[in-house]
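Feature list (source: Swiss-Prot):
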TOPO_DOM  1-14  topological domain 'Mitochondrial intermembrane'
TRANSMEM  15-45  transmembrane segment
TOPO_DOM  46-59  topological domain 'Mitochondrial matrix'
TRANSMEM  60-87  transmembrane segment
TOPO_DOM  88-227  topological domain 'Mitochondrial intermembrane'
BINDING   161, 196, 200, 207  Cu cation A1 binding site
BINDING   196, 198, 200, 204  Cu cation A2 binding site
BINDING   198  Mg(2+) binding site
């Protein structure tokens, strides 16, 4: 869950988000080292008037600064490709939920059940209860079982939308006429908030997403009541 004036990323709740956090730290370390080296060289050039004539046309130096960037790019690309394949891999999901974007709300359908579907609207500010979050609460939360693989099928009824939950490392575009899919698996129970992340009109910022991850026994009870 995010908090005011937060500078870092949200705490990871899924294996994918854990991998993304590690990749972020890995890449940031490389960028920091390169930036420090460049700033050091620039400071030397500005504070000294010495010129190394032997390096002005050195074949060895040309070779080094051609090969070294290639190695650095490989060190960044390999873990990135691994995470991309992990995000696209879907093996025997335990549950499938179809998500449709509308102007300006989301609708959800649990395809493994005959009649389990609902719309999810943002709760207006004047109707919030004490302790609820402004512009983040919805009237119907998406209840899902924790520690189980859930497949989300995402599309749109009208314009481009985007379904995003930062704590789970999810962001999938909802495109009219196209069905995109992604998977999620939360490692612990709780409420996980997401916000709309596609400019599609005047009320695009009023389409929050709330996932309620619960134990399987609670989910079975909830689904029986909803059906």
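The count begins at 1 with the first shown residue.
Quick reminder: no glycine exception, Cβ is built from N, Cα and C everywhere.
Listed in sequence order, 161, 162, 164, 204, 205, 206, 207, 208, 209 are the same-chain residues six or more apart from residue 196 (Cu cation A1 binding site) with CB atoms under 8 A from its CB. In the three-state DSSP assignment, the secondary structure recorded for residue 207 (Cu cation A1 binding site) is coil. Sparsest Cβ environment among the binding-site residues 161, 204 (other Cβ atoms counted within 10 Å): 204. Note: residue 198 (Cu cation A2 binding site) has non-local neighbours 160, 161, 162, 173, 174, 204, i.e. same-chain residues 6+ apart with C-beta under 8 A of its own C-beta.
Residues of the topological domain 'Mitochondrial intermembrane' (1-14) grouped by DSSP class, helix first, strand second and coil last, total 0 helix, 0 strand, 14 coil.
Around the Cβ of residue 207 (Cu cation A1 binding site), a 10 Å sphere holds 26 further Cβ atoms from the protein chains shown.
Taking H, G and I as helix, E and B as strand and the rest as coil, DSSP gives the topological domain 'Mitochondrial intermembrane' (88-227) the counts 18 helix, 58 strand, 64 coil.
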